[in-house]
Structures are given as C-alpha cells and as structure tokens.
Amino acid sequence: MTESQRMSRTLAEVDPEIYQAIQHETARQDGQLELIASENFTSEAVLEATGSVFTNKYAEGYPGKRYYGGCEYTDVVENLARERASKLFGAEYVNVQPHSGSQANQAAYGAVVSPGDTVMGLNLAHGGHLTHGHALNFSGKTYKIVPYNVRKEDELIDYDEVEKLAREHQPKMIIAGASAYPRIIDFARFRKIADAVGAVFLVDMAHISGLVAAGVHPNPCEFADIVTSTTHKTLRGPRAGIILAREKYGKEIDKNVFPGTQGGPLVHVMAAKAVCFLEALQPEFAVYQRQVVANAKALAQSLIDAGFRVVSGGTDTHVVLLDVFSKGLRGKESEQALDRARITVNKNAIPFDTNPPMNPSGIRLGSPAVTTRGFKEAEMREVGTLIAEVLTNIANEDVIAGVRQKVQALTTRFPLYSWKRDTVQA
C-alpha cells in the first residue's frame, strides 16, 4: 500500500473503535432529548467546515501578518469570519481566533487588567461562570475578585448591591454575564455603574449570543467595552470563542490572544465560525431564536403547573433553572433518572444552595437543541410533563420506561441529522 493509499482510508478502516464511538454518539444524540442549556446541534455546513483540509494549516499571526507562508486562503477565511461577526453584532473590532470562551475571557482580562487588580463578577453559586472569578480558575488565582449576588427574595441580580460594591472596592473591571441566570441582564445599569467608578465593562454573552444576534435579547455591544462569547450554544456554531470590542482595545486584545495565550489559530474552526455567522445573518435565524425563548417559557410554565419551583419564577432566555431540592430531591439523582428516560440535563447549583456542587439542589434545562429539532410550545409542554413524571417517580423504573417510550416517539417525529439515521447503530 502506498502512502497515498494509506492516507485515503476511511475512519472505519483505520480506527473502528473511534468510528463506532462516533456512530453510537450520533445515535445517542438522535435518540435523546437534549436539554443541556449549553448544547446545540450544528448544521451539516458547520460540520463540513470543521472537518475540512484547513485542519492541516498553521497560521500564527493575523491576516496579512503571518509567521507562515501559504496563508492566502486562511486570510480569506479569517477576514470573512471577522466581517460577518462585526455585521452580526455591530462590533467595531472582532477577534475570531480564541479556541474557547474561557480563552477569550483570559485574553480579555489580560488586555485591560493586571495581576492583583480588582474585578467584579457574578458569583458562580448564583449563576456566574468559572472565569468570572472562581478561586480554582485563572481568574480567581490572578485577580482580586469581588463577587456580586442575586437577591434572596426574587433571585434576580441585585443592582443596588453591585453599585455599592463597586463604589466600595473601585474595581478595574466589572463583568456581566452568566452560565445559569435565566433573566435579561440590565446592561445599561451595569454601564452606568462601571462609568461611575472608572471601570472597564466586560460582558460574557456566551449563553445568549444567538439571542442577541437575532435581536431577541438586548445587545451588549451597545454598552460594553469588551464582549466575549462562545460560538456554540445558542449561536449554533463550532465549539470555540470570539471577542468583540470597541476599536481602542483591539491592539491589546490581539496581543493577548496571540502570542499572549495561544499560538496558531484553528483555521478549520474559524472557517466553521464564518459559516455559523453567515447562517445567523439569515432571517430564519431570528425565527429560530424567538422560538427558543418561547419554548423555554413554555417548558418553565409546564413545570410550574406540575408543582415544581422554577428559580426566579420563570425565564426570559433559553435557560430554565429548576429547584428539585424543594421536592426532596438532589440534582445528581434527578439528572441520572432523567438520563435513564433519555432526557439529558445537568445537575446545577441554585442561588443560596446549601448542598455541595457535585450533588446540588437543582438541574439546569435549556431549549436550544430541541428547538433545532423543530419542537414548539406544544412539544415543550409535553416535555415538561415528562420531566415531572420522572421526578415524581424517581425510583419507579416502570414509570421511567414508559417515559422513555414517549421520548422515543418524540425523537422519531423530529429526527436529528435524519440523513444519518439509516447508517448509525444505537
């Protein structure tokens, strides 16, 4: 066999174990209801770009200023991604090289604050993110973190507390954004608070960027100095990151992405980002995002009607945070029981949680992935009923088996990657 012939073999021929794992994962995604709020399903076009020959290319630097030759088409890809993201979000500056949302945040920190500086962010236990100041994360290890919280009475961000803390601690940067906060964030109020103390205002919109792109959520680019995001989740692109900012921060951000925190960018992933931004610029994307929010609201109301407590009383976004501890349950057992019914969620802390993070008081639900499948409000109400049925019969495997059959009926009605269905093995 020649080297050319060897390189032309299929994955199934070269590595049947990995091939089978992919087949099984495809079947799993097709046969389960994906309700993890941070997950979604990309288009075939995004998958194709991610698996393209740009995987082979090294391209340290930026368009027109590379440290490697042969980057003319890489420059085309990166420029298209930047131009489309700028148009999509109305940003003056764009960097599409970050490998992830966390690395986007790390580069943004490095551009505007120094080690030891004071930074404010939403407490992880109240819905924030690891990179907003958790003690075990680079952010908590490198900077002096002052967390702010939600109010106990309504589980909404306490903007008066944010302002009081900002005036007391004089932070160099204030972060707005969350991983488990279901309500619209008042970016204008944050901007006013940041201006009052001379702080840089950064928004991490990783969870809501798709909603923002479609105009169904306020755009943080109108208020923030720097905006970071992932490109998967609601944006429905590849697993990666992006930074948007006012032009005056561009040079420092560029330096902190490369060479500050990364070497060569993942060109194949930048190509997939460009595709996802183009998809998000289409009118039908706004229709999809409006349905995402409508579906989350329908799911939340269905669970409330079934007697469950939804954190903050509902949702304005794609996220529903469910308090299961009030029903005598814990997040871990709830996640596992729902998984047996082929409903995928994640255990999650709720505000003022007294239970440990690995077995907290809640579960987090999200509507993006099932909306991609075609679910609307009626299906979401049915899903809420199925979740309630499992959680009120958590030790009854007969009930769970019955729910599993109903889930199978739903996934059959709304196939995922239907062109793959006949080729995969469960």
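Each Cβ is built from the backbone N, Cα and C atoms, and glycine gets one as well.
Record features (Swiss-Prot):
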BINDING   LEU124, GLY128, HIS129, LEU130  (6S)-5,6,7,8-tetrahydrofolate binding site
MOD_RES   LYS233  N6-(pyridoxal phosphate)lysine
SITE      HIS232  site 'Plays an important role in substrate specificity'
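Here the features listed in Swiss-Prot are painted onto the structure.
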| residue | record | Cβ within 10 Å |
| --- | --- | --- |
| LEU124 | (6S)-5,6,7,8-tetrahydrofolate binding site | 23 |
| GLY128 | (6S)-5,6,7,8-tetrahydrofolate binding site | 25 |
| HIS129 | (6S)-5,6,7,8-tetrahydrofolate binding site | 24 |
| LEU130 | (6S)-5,6,7,8-tetrahydrofolate binding site | 16 |
| HIS232 | site 'Plays an important role in substrate specificity' | 26 |
| LYS233 | N6-(pyridoxal phosphate)lysine | 27 |
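Cβ proximity to the (6S)-5,6,7,8-tetrahydrofolate site centre (mean Cβ of LEU124, GLY128, HIS129, LEU130, cutoff 8 Å) flags the following additional same-chain residues: GLY121, LEU122, ASN123, THR131, HIS132, GLY133, HIS134, ASN137, ALA178, SER179. The CA atom of HIS232 (site 'Plays an important role in substrate specificity') is located 18 Å away from the CA atom of LEU130 ((6S)-5,6,7,8-tetrahydrofolate binding site). HIS129 ((6S)-5,6,7,8-tetrahydrofolate binding site) and LYS233 (N6-(pyridoxal phosphate)lysine) have their C-alpha atoms 15 Å apart, to the nearest angstrom. Taking CA atoms as the reference points, GLY128 ((6S)-5,6,7,8-tetrahydrofolate binding site) and LYS233 (N6-(pyridoxal phosphate)lysine) are 16 Å apart. Secondary structure from DSSP puts the residue listed as 'N6-(pyridoxal phosphate)lysine' in a helix.
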